[in-house]
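*Asks:* This is the structure, below, for whatever I ask next.
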Amino acid sequence: MRLDRFTSKFQMAIFDGQSLALGRDHQYIEPAHLMVALLNQDGSTIRPLLTMLNVDISQLRSRLGELLDHLPKVTGIGGEVQLSNDMGLLLNMCDKLAQKRKDKFISSELFILAAVDDKGSLGKLLKELGLTAAKIEQAINQVRGGQKVDDQNAEENRQALEKFTIDLTERAEQGKLDPVIGRDDEIRRTIQVLQRRTKNNPVIIGQPGVGKTAIVEGLAQRIVNGEVPEGLRHKRVLSLDMGSLIAGAKYRGEFEERLKSVLNELSQEEGSVILFIDELHTMVGAGKGEGSMDAGNMLKPALARGELHCVGATTLDEYRQYIEKDAALERRFQKVLVDEPTVEDTIAILRGLKERYELHHHVEITDPAIVAAARLSHRYVSDRQLPDKAIDLIDEAASSIRMQIDSKPESLDRLERRIIQLKIEQQALSKESDAASQKRLNDICEELDVKEREYAELEEVWNAEKAALSGTQHIKSELEQARMNMEVARRAGDLNRMSELQYGKIPELEKQLDLAAQAEMQEMSLLKNKVTDAEIAEVLSKQTGIPVAKMLEGERDKLLRMEDELHQRVIGQNEAVEAVANAIRRSRAGLSDPNRPIGSFLFLGPTGVGKTELCKTLANFMFDSEDNMVRIDMSEFMEKHSVARLVGAPPGYVGYEEGGYLTEAVRRRPYSVILLDEVEKAHPDVFNILLQVLDDGRLTDGQGRTVDFRNTVIIMTSNLGSDRIQENFGNLNYEGIKNMVLEVVSQYFRPEFINRVDETVVFHPLGQENIKHIASIQIERLVNRLKEKDYELTVQESALDFVAKAGFDPVYGARPLKRAIQQYIENPLAQEILSGKLETGKPIDLLIEDEHLVTKQ
C-alpha cells in the first residue's frame, strides 16, 4: 500500500492513529484508532459528513473509546506498531472505491464507506448508529459537490466557502450586525448595479471611516428583512476573509488552489451568493510570486462571465494606486462613491447606534452627548472622517465611565496612591534620627491619618453607589434579547410568539427598566452612569490637547485676570499683552472664527524688550509649560530651497517621508503657540506659505495631507523699524511711533501678508523703571535657586538700584541686565560659596558699600 496514494489529510490521520496506538500500548493499528484520529482531526471532512447523517458524534466517540479499552495491551514493543489485518483490508477497500469513483487519490470519507460494509467491530458500531452504505454514498456526493479527488490537498479545499468566508446574512439574522442608518442612496445604487446582466459588480469607494463596510452590512440586513427586489431575495452575502485564505499557504500554488476552490463553489451556487471583498486592493498582487498569477487576474474571467457576483470596498487612494492601473480589472467593476455624511446625518447615525453602545458598556448615552460628538469631532478632528471619528468619541467616553464604575474612581485611586507614597516615606524616615527627619515624620503621620479617614469614607460611598447602578444592566440585556427574538419571530411569521413578546414580555421589561432608572435618579457623588456632552468634550481634549471642555470657575477667573498673569513676566508692554489676552478669551468663549487661527500677531520692536518672552509666558499660561511652544528661528530659512523644510520635501526629493518641521509639529500638537522668531530674516517665499495659514488656518504638507492650524496662536517677531523707535522715543506718542514702524514694515512685507495678520503690535523701548522691575523678577529667580541649596539671600533696595542702573541700556533692552546680574551678583556669590565663606542655613545680605556690591552673613 503506497502512502502517497492517500490525500494529505488521510495520511495525517493514519500517522495520528499510529501515535494513538503507541500511546495506549497496542501492538496493531486497528480501524477504531484511525476512526478516532479522523474525528479529532482539525478541518476534517468526517465530522461534517457524520453531522449531515444525524450521527451523535459524542456517542460515537464514547463507543470508540470502549472498543479501544478492550484491545489487548503489549508492553516492551519498542515503539513499533503495525497495521492490523482488518486495517489493511479496509485500506485496500478504500483504494477500490477510489478507483470506482475515478479519483486520483484516496480521500478520508471513503474509509467510512468501506468500514460500514466491513464485518469487524467498527462496521457493527456504525450500523448500530443507523448508517448504511447508500446513506453514506449520498452524503459523500453532497460534500464533494460533484468534484473528483484530483490532488492531495482536495480535502482541505472542500467547503471553501465555509472556511474562507463569513456569512453576513446569517449574522444579520442573529442580530449581530450594527443597524445601518441612512445611506439609502448608496445601498440603492449598489442593488441597482447588482441587478445588471453583466458587469454586475459594484465597488464601494470612499475615505476611511465613512462607512463602506456598513453599506454591505445594510444590504445583508435588507436581504434578511426582504426589503430588496425579487432578483436579490434569498441571496447570501459572504465576506471573503483574505487572512484565512493566505494564512498557512506555504507552498507555491497553494493560495491559488484555495482561491480556485472558492470560485468553483461560487459558480456551483449559480448566482445565489454575493461575495463581498473588503479592502479589494489586497486582491491585486496577492499570492503573486515569480511567474505565478495574482488573485486579481484569477477573478477577471469569473467577473467578466457574470458567474461571480462581487461587491468590493476600498479607499480612493488605494483604488487609484492598485485598481485603476489594471484597466481590465477596473472595467469589470462599477464605482459607487460614498461621501462623508453631514453633521446632521452623523447625529442620526449615532442615535441609531446608541442602544448597541449602551448595551455593551452598560451606561446611558444622552442626546446632548451624541450632538456634541458629531459637532466637536467635525470641528476639531480634521484628519479623519465622520461618522467614524464621532463614534470613536462616544465609544471612548462610555468606556471611561464604565471603567470608573468597574474600577476605583479617579479620586479614590489618587488617595490610595498618596497613602502608599506616605507609608513608604514613613518607613524610610523612621530609620533616621536627626531633627529634620523627625519633624517630617510627624508631619507625615498627621497627613496619613487624615488621608486614611478620607479614603475610608469615600470607599463606603463608592460601594453603595456601585450596588445601586448594577440594577438596570440585567434588565437592559434581557430587553435587547427580547427585541431580537421579536425580529426573528417576525421574519418566521410566528404570530403567537410575536404577540407574546410585543404585548407581554417587552412592555413588562420596559416598565421594570423605568422603575430601576427612577431609583437611580438620586444624585451620586462618585459614580456616573450617563455619558453627557461634558464627557465627550473631556475625551476630545485628551485626544487632541484642545481645551473644549466646559470652563470651570477657576479657569474663568484665570482668563479674566490673564493680563495680570502675563504682566508678572512681561514688563511695560500693555498693548501687546492686551491684544494676546483678548484673542485667547475670544477663542475660549467660542466667539473666534472657526476657520482661522485663534490669533495671528506681528510683534515689532527693538531687541530685548520682551517679544519672545511674551510668547513663552503665553505658552506657560495656556499649557503650564513652555514646551508646547513651537519655536521656529526664521534665520534658518534664508535660502529659497529651505522653504521645503517647513512643509516637507516634495515627492522624489530626499526626506520626502519625513514630513515638514512646522506641519509635523502642529499635526502632533494641534493646540499650540507657534513662534516665528526674527521673521524678517527669512526668504520672501516663506511668507507665501504663511498666507494660507493666516487666512484659512490650513496648510497642505509635502505628502498632500491638510494640517489644521485653526487651534494655534501664531506670533511673528521682527526688529524692523527698531531704529525709528529709538530715535523718536520720547518725542512722539505710541500711535505716532506705531505709524512710522508700520511704514517701514509695509516696504518690506507684501500687502497681502500684512493684511492677513490680526494685529500688529509695536513694543515700547524699556525705561529705567521697567528695567528695575525686571531686575527684581530676575533676582527673585536667583533667590529661589539659592533656596534649593539652603542659602537665604536678601537683596537690599540700594543693591537692586545699583544692578538696574548697571544693566540699563536703551538700545539693547533687558539683555544687558542679565549680564549685569551675572557680573555683579552671581560671579562673586559663586566664588564665596565655593571658598566656604558662606554657610548654609544662615541669612545672606546683598548691599552697597563704597559703591560696590558686597555680601554679608
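Each residue, glycine too, has its Cβ placed from N, Cα and C.
Look at Swiss-Prot and you will find GLY206, GLN207, PRO208, GLY209, VAL210, GLY211, LYS212, THR213 tagged as ATP 1 binding site. Annotation source Swiss-Prot lists ATP 2 binding site at GLY605, PRO606, THR607, GLY608, VAL609, GLY610, LYS611, THR612, citing similarity to another entry. Residues or ranges marked as coiled coil in Swiss-Prot: 391-525. Per Swiss-Prot, the feature domain 'Clp R' maps to 3-146. Positions annotated as region 'Repeat 1' by Swiss-Prot: 6-71. The region 'Repeat 2' annotation in Swiss-Prot covers 83-146. The feature region 'NBD1' is assigned by Swiss-Prot to 159-340. The region 'Linker' annotation in Swiss-Prot covers 341-545. Sequence annotations record features per position, and here Swiss-Prot assigns region 'NBD2' to 555-765. Sequence annotations record features per position, and here Swiss-Prot assigns region 'C-terminal' to 766-857.
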*Asks:* Show which residues of the chain containing GLY211 (ATP 1 binding site), separated from it by at least 6 in sequence, have their CB under 8 Å from its CB.
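*Replies:* In sequence order, VAL180, ARG183, VAL338, PRO341, ILE349, PRO387, ASP388 meet the Cβ cut-off.
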*Asks:* Mind giving me a neighbour count for THR213 (ATP 1 binding site)? Other Cβ atoms within 10 Å of its Cβ, every protein chain shown.
*Replies:* 15
*Asks:* Which residues of the same chain, at least 6 positions away in sequence, have a Cβ lying under 8 Å from the Cβ of VAL609 (ATP 2 binding site)?
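*Replies:* The answer is GLY572, GLN573, PHE763, HIS764, PRO765, LEU766, GLY813, ALA814.
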*Asks:* Any same-chain residues 6+ apart from PRO606 (ATP 2 binding site) with CB under 8 Å of its CB? Would you list them in sequence order, or say none?
*Replies:* ASN719, SER722, ILE725, GLN726, PHE763, PRO765, VAL811, TYR812, GLY813
*Asks:* How would DSSP class GLY211 (ATP 1 binding site) in three states?
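*Replies:* DSSP call for GLY211 (ATP 1 binding site): coil, neither helix nor strand.
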*Asks:* Sorry to bug you, but what's the C-alpha spacing from GLY610 (ATP 2 binding site) to GLY209 (ATP 1 binding site), rounded to the closest Å?
*Replies:* 46
*Asks:* Tell me, how many other CB atoms lie within 10 A of the CB of THR612 (ATP 2 binding site), whichever protein chain they belong to?
*Replies:* 18
*Asks:* In terms of DSSP three-state secondary structure, what is the assignment for GLY605 (ATP 2 binding site)?
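*Replies:* In three-state terms, GLY605 (ATP 2 binding site) counts as coil.
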*Asks:* Taking 10 A as the limit, how many CB atoms besides its own sit near the CB of GLN207 (ATP 1 binding site)?
*Replies:* 16
*Asks:* Going by C-alpha positions, which of the binding-site residues (GLY605, THR607, LYS611) is nearest PRO208 (ATP 1 binding site)?
*Replies:* LYS611
*Asks:* Between LYS212, LYS611, which of the binding-site residues has the fewest other CB atoms within 10 angstroms in the structure shown?
*Replies:* LYS212
*Asks:* Using DSSP, what is the helix/strand/coil residue split across the region 'Repeat 1' (6-71)?
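*Replies:* Going through the region 'Repeat 1' (6-71) residue by residue, I get 46 helix, 3 strand, 17 coil.
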*Asks:* Do you know which of the binding-site residues GLY206, PRO208, GLY209, GLY605, GLY608 has the most other C-beta atoms within 10 angstroms of its C-beta?
*Replies:* GLY605
*Asks:* Write down the Cα-Cα distance for GLY605 (ATP 2 binding site) and THR213 (ATP 1 binding site), rounded and given in Å.
*Replies:* 58
*Asks:* Around the Cβ of GLY610 (ATP 2 binding site), how many other Cβ atoms lie within 10 Å? Please give the count over every shown protein chain.
*Replies:* 25
